[in-house]
Amino acid sequence: MKKILGIESSCDDTSVSIITEDREILSNIVISQNTEHADYKGVVPEIAARSHLANLEKAMKQALLESNTSLDEITAIAATSGPGLIGGVIVGSMFAKSLSSVLNKPFIAVNHLEGHALTARLTDNIPYPYLLLLASGGHCQFVAVLGLGKYKILGSTIDDAVGEAFDKVAKMLDLPFPGGPKIEKRAKLGDPYKYKFPKPIINSGDCNMSFSGLKTAVRTLIMSLQEINDTIINDIAASFQFTIGEILSSKILEAIKVYEQITNDFNRNIVIAGGVAANKYLQELLSNCTKIHGYQLIYPPTTLCTDNAAMIAYAGLERYNNGLFTPLNFCPKARWSLEEI
């Protein structure tokens, strides 16, 4: 049975996973760096890279032990090779290449975004094509997933990623890092209609998004307040999250229009992937929104929304099955669009 070892190190989570050709996740070890970055309330690239270097071997040993697998049983090694914080990407890629060379196993460079894009095929085995909303700390885009390595970006943020907006607003409210889950938790206790925030380019008639102005509006409000208490924090979090939901709901309908123009898709599946996909409020909102238009919204389990190596291993499996191996002289990339794969 084929077993793929996946490595993920593009940001602040060190992860190693082993999956089988039957899409069974035998192990998916994630070593978080939240404590290392907590004081900075954001990811420090140099600290992240050093932590990946210190944690990768430990994560691999745990993955092998948990899956009851030896290195000799590994069929191929897949690693995130971009986009991402280049220090961490290089650490993970070089680790994978070294294993590939020593074990004489194929190396497969995986685009981190492709890993997110294909997660629903790992978990739900959905067919191509489908519409994807990739929403994370570094990216926010609508993508037509037409096949393996065949992606068309329909629209994207013109400034900040939606996950970045969550984290920055959390920082403004002095909430712990990572901020996204903290905003969601506080929003449950607040009034989503308390503060009216702008929805930049919501009526632009395309699939592009903007979150910078929203972030600025939140900062302006906070600076205007004489005091900040828990009630105010909860109301700001709820109003901010509500506004994000309004923007994404509007734009996903625009994306459906464009998607239907370029594909004869009768599956009518929409996938939301990336860290923001773990937000339960947005899951329910977008699910109801798309259901009205005859689409099913699919989102991975929470553990597979955030960065993980299982999705990298699965992307590696699809590439292995199609004979798409990578030479060891492949250079990791800080920037790497899905359309450039």
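Just so you know, glycine gets a Cβ as well, placed from its N, Cα and C.
Features of the protein shown, as given by Swiss-Prot:
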BINDING   H112, H116, D307  Fe cation binding site
BINDING   L134, A135, S136, G137, G138, D167, G180, N279  substrate binding site
Next item on the list: May I ask for the distance between G180 (substrate binding site) and D307 (Fe cation binding site), taken between their Cα atoms and rounded to an integer number of Å?
Entry: 14
Checklist line | Cβ neighbours of G180 (substrate binding site) where a neighbour is any other Cβ within 10 Å | finding: 25
Notebook entry, point to check: Just the number: how many Å between the Cα atoms of L134 (substrate binding site) and H116 (Fe cation binding site)?
Noted result: 7
Check: Of all the binding-site residues given, G137, G138, which residue's CB has the most CB neighbours within 10 A?
Finding: G137
Check: If you take the centroid of the Cβ atoms of H112, H116, D307, the listed Fe cation site, which other residues of that chain have their Cβ within 8 Å of it?
Finding: E8, S10, C11, T80, G84, L113, G115, S136, G274, N308, M311, I312
Check: In the structure shown, which of the binding-site residues H112, H116 has the fewest other Cβ atoms within 10 Å?
Finding: H112
Margin query: Using other CB atoms within 10 angstroms as the count, which residue among the binding-site residues S136, N279 scores least?
Written below: S136
Check: Counting Cβ atoms within 10 Å across all protein chains shown, which of the binding-site residues D167, D307 comes out on top?
Finding: D307
Next item on the list: Calculate the distance in Å between the alpha carbons (Cα) of G138 (substrate binding site) and H112 (Fe cation binding site), and round it to a whole number.
Entry: 11
Notebook entry, point to check: Out of H112, H116, D307, the binding-site residues in the record, which is closest to G137 (substrate binding site) when you go by Cα distance?
Noted result: D307
Item checked: H112, H116, D307 filtered to the binding-site residues whose C-alpha is within 10 Å of D167 (substrate binding site) -> none
